[in-house]
Amino acid sequence: MSLEEGNTPLIKTSTFGGNFLAKFEGANPTGSFKDRGMSVAVSNASNLGYRAVMAASTGNTAASAAAYAARAGMRSFIILPKGKIALGKLAQSVLYGAEVIEVEGNFDEGLEAVLNVHKTNGTVYPLNSFNPWRLEGQKTLAFEVVESVGVPDTVVVPVGNAGNIYAIWKGFVELTQVGLTERVPRMIGVQAEGASPIARAVLEGREIPEFTESPETIASAIRIGKPVNWPRAMRAIRESNGTAVVVTDEEILLAQTEMARREGLGVEPASAATLAGYVKLLKLGVVSKEELVVGVFTGHSLKDPDSMMRAGTRRFLVPPSEVLKLVEGELRVGR
Ligand SMILES: *Cc1c(COP(=O)(O)O)cnc(C)c1O
């Protein structure tokens, strides 16, 4: 089951003061990296004879599951935390014809509901990131990076449920195992201040994260208090000599506008966390200007129109006859 996901652009940036490449996952068919894993997982569900799939989601898993289920001719049940989903993502689930079940609760509670259905009713295939097939699909990002630029020094990934950072690391590790490469990049995870159990555990040198009951951040795709894949993510970070970094919502929103206005690349807030993290890591000296860093920009800006509007810009309302005067006036005062 494929929509020709993957093979996303690896774009050189020039304005952040380092050797920084952006892997633009927003170019996937539904606008996020989730498509890489969904292709494999829905193919597996189809091979096993399932007629319905299910996923709890902060939005992108839902959009992707709904699209691939549609392609496979299956029904999809999507569990969303009510009122906490970016508009573009919700609209995608509607368009692809998913059955949208909103719950009064957060993502973590939605996930428990999926596990409950999975345990008691075996006819609905669960597509959350504990599903190993999704991680197998997501690891292909590492293969593409190596094909384009070889093994980078460092890879920066935003961390929510923590499957992706592990999957990408696994991809790099497997390339060494088959003898195609000789080393694995440092994996650095970025989390938002209000949802940072893994990053804080890494930075404080603890083995086990302290979970957050009510995670809060503008970056809804990484607004997760109890990441299911935390042991795998911590392993990827530890074994690659990586680390983690925590960014604030202000830093995320600033990074989102800077990415758009300096590099022309529109990314959603969870992805902007990658740039915010990179800028902070440069400042702290954790990464150097010379080292080759790949930032994973997990989702497209169109996913979240509200966050784009928050960027703000100069807007005018004038009669058509006044436009010339206005433009000339603006050109005189400069930006
Ligand atoms: C799902 C998602 C993440 C987080 O990925 P995990 O595998 O849950 O850590 C980050 N950014 C975007 C845009 C996502 O959709």
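Numbers here mean position along the shown chain, with the first residue as 1.
Heads up, the Cβ atoms here are built off N, Cα and C, so glycines get one too.
Marked as pyridoxal 5'-phosphate binding site by TrEMBL: Asn60, Gly160, Asn161, Ala162, Gly163, Asn164, Thr298. Counting every protein chain shown, the number of other Cβ atoms lying within 10 Å of the Cβ of Asn60 (pyridoxal 5'-phosphate binding site) is 31.
Restricting the average to the domain 'Tryptophan synthase beta chain-like PALP' (2-299) gives a pLDDT of 96. Among the features that TrEMBL reports, domain 'Tryptophan synthase beta chain-like PALP' is placed at 2-299.
Taken from TrEMBL, the feature N6-(pyridoxal phosphate)lysine covers Lys34. Taking Cβ-Cβ distances under 8 Å and a sequence gap of 6 or more within the same chain, the neighbours of Lys34 (N6-(pyridoxal phosphate)lysine) are Asn28, Asn60, Thr61, Ala63, Ser64, Ala65, Arg134. For the recorded site, Lys34 (N6-(pyridoxal phosphate)lysine), the DSSP three-state label reads helix.
For the binding-site residues listed here (Gly160, Gly163), the lowest count of other CB atoms within 10 A around the CB belongs to Gly163. Listed in sequence order, Asn128, Ser129, Ile224, Pro227, Val228, Asn229 are the same-chain residues six or more apart from Asn161 (pyridoxal 5'-phosphate binding site) with CB atoms under 8 A from its CB. DSSP assigns Asn164 (pyridoxal 5'-phosphate binding site) to a helix in the three-state reduction. Neighbour count (other Cβ atoms within 10 Å of the Cβ, all protein chains): 30 for Thr298 (pyridoxal 5'-phosphate binding site).
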